[in-house]
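Some features that Swiss-Prot has for this protein:
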type	residues	note
BINDING	Gly86, 89-90, Thr94, 96-99, 114-122, Ala126	5-phospho-alpha-D-ribose 1-diphosphate binding site
BINDING	Gly86, Asn117	anthranilate 1 binding site
BINDING	Ser98, Glu232	Mg(2+) 1 binding site
BINDING	Arg172	anthranilate 2 binding site
BINDING	Asp231, Glu232	Mg(2+) 2 binding site
Amino acid sequence: MTDAPLSEAMKPIIFSASEGPLSRAQAEEAFNLMFEGLASPAQMGGLIMAIRARGESVAEYAAAAQVMRDRCVKVSAPDGAMDIVGTGGDGMGTLNISTATAFVVAGAGVPVAKHGNRNLSSKSGAADVLTQMGINVMVGAAVVEQSLKEAGIGFMMAPMHHPAVKHVMPIRQELGCKTIFNILGPLTNPAGAKRQLTGAFAIDLIYPMAETLKELGSEAAWLVHGSDGTDEISISGKTDVVELKDGALRSRVVHPEDAGLPVHPFRDILGGTPDENAQAFRDLLDGAQGAYRDAVLLNAAAALIVAGRVTELRDGVEIARESIDSGAAKRAVEAVARVTSTSTA
């Protein structure tokens with residue numbers, strides 16, 4: 001077979017991975033082979049599990065993310081575009097907080113290039129609820145770009161933009177455990193967004209993910225993990241944050257009261273089916289009060305800090321509140337639905 005010599009190239013890399021962290025160059029070579037379909041299933045599984053067993057390094061995260069970025073179907077986004085996304089996988093089953101936050105932030109005038117997928121840890125992922133909202137998520141780069149232009153926000157469905165991952169998907173499904181691929185979504189925005197509000201399913205991921213985004217050229221980011229276990233800023237308690245700003249990382253803790261918001265019981269943000277979550281989203285856009293609104297206001301305030309619009313959470317909450325109450329966030333949803341409804345690709 002013509003790919004046998006290239007598969008041979010994986011053997012020393014797998015051995016190195018079992019002994020210690022790979023160099024960035026080694027990891028990039030390995031992930032290129034995997035995404036080209038030139039490594040055998042056993043080799044791909046062996047490498048993934050060797051890395052997982054000892055813990056992934058920042059160089060390995062950065063290498064995998066860079067290879068995915070290089071191979072993705074790219075989207076041209078406005079300057080200052082940001083992504084608001086979580087890793088998923090927290091298993092908490094909440095309402096769609098980051099999705100609603102993205103539209104509130106877009107309604108406030110910050111371009112949002114949102115990268116997402118279907119459900120991972122809940123009954124309703126971003127793509128599931130957006131579909132229920134009348135948005136066609138299975139669109140190509142040109143439609144996403146038009147959506148960004150007309151609505152100030154575009155949704156990039158991960159499988160539409162990362163076709164090379166098809167070679168790895170069967171391996172991931174057979175392994176059935178969390179691997180490096182569970183955190184790559186937020187690191188591989190097809191629009192090359194350089195500002196991120198990113199949630200992680202585990203607290204020990206937020207610092208290395210922040211380091212990775214710095215390595216990949218991000219300008220500003222908040223990496224967050226809520227004390228309630230969510231991959232978002234918690235409305236029910238404190239949230240650990242690693243902030244990337246001016247090329248430096250610093251850790252901080254935020255609390256709803258820092259933003260002038262009340263603490264709500266975690267049960268009040270639990271979600272349901274895509275249809276139920278979409279209805280909660282519609283109600284929020286129409287002015288419904290309560291835990292969901294406050295969670296979105298809090299996350300939007302943080303996103304506005306990352307975007308450089310404000311420096312304090314309380315100021316961000318006021319801008320986010322105006323985005324909802326003025327109807328701007330709702331108009332952003334309607335505009336994306338309009339743009340995407342005329343396309344099937």
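The backbone N, Cα and C atoms fix where each Cβ goes, glycine too.
Annotated features taken from Swiss-Prot, shown on the structure.
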{"residue": "Gly86", "record": "5-phospho-alpha-D-ribose 1-diphosphate binding site", "DSSP class": "strand"}
{"residue": "Thr94", "record": "5-phospho-alpha-D-ribose 1-diphosphate binding site", "DSSP class": "strand"}
{"residue": "His115", "record": "5-phospho-alpha-D-ribose 1-diphosphate binding site", "DSSP class": "strand"}
{"residue": "Arg172", "record": "anthranilate 2 binding site", "DSSP class": "helix"}
{"residue": "Asp231", "record": "Mg(2+) 2 binding site", "DSSP class": "coil"}
Lowest local Cβ density (other Cβ within 10 Å) among binding-site residues: Thr94, Ser98, Asn117: Asn117
Distance, Asp231 (Mg(2+) 2 binding site) to Thr94 (5-phospho-alpha-D-ribose 1-diphosphate binding site) (CA atoms, angstrom): 10
Cα-nearest neighbour of Ser98 (5-phospho-alpha-D-ribose 1-diphosphate binding site) within the listed binding-site residues, Asn117, Arg172, Asp231: Asp231
Closest of Gly86, Asn117, Arg118 to Asp231 (Mg(2+) 2 binding site), Cα positions, binding-site residues only: Gly86
Neighbourhood of Arg118 (5-phospho-alpha-D-ribose 1-diphosphate binding site), C-beta criterion under 8 angstroms, separation at least six: Gly125, Ala126, Ala127, Asp128
Alpha-carbon spacing, Asn117 (anthranilate 1 binding site) to Gly86 (5-phospho-alpha-D-ribose 1-diphosphate binding site), which is rounded to whole Å: 10
Gly86, His115, Arg172 filtered to the binding-site residues whose C-alpha is within 10 Å of Glu232 (Mg(2+) 1 binding site): Gly86
Residue pair Gly86 (5-phospho-alpha-D-ribose 1-diphosphate binding site), Arg172 (anthranilate 2 binding site) - Cα distance, angstrom, rounded: 19
Long-range Cβ environment of His115 (5-phospho-alpha-D-ribose 1-diphosphate binding site), under 8 Å and at least 6 residues apart: Asp83, Val85, Met156, Ala158, His161, Gly185, Pro186, Thr188, Asn189, Pro190, Ala191
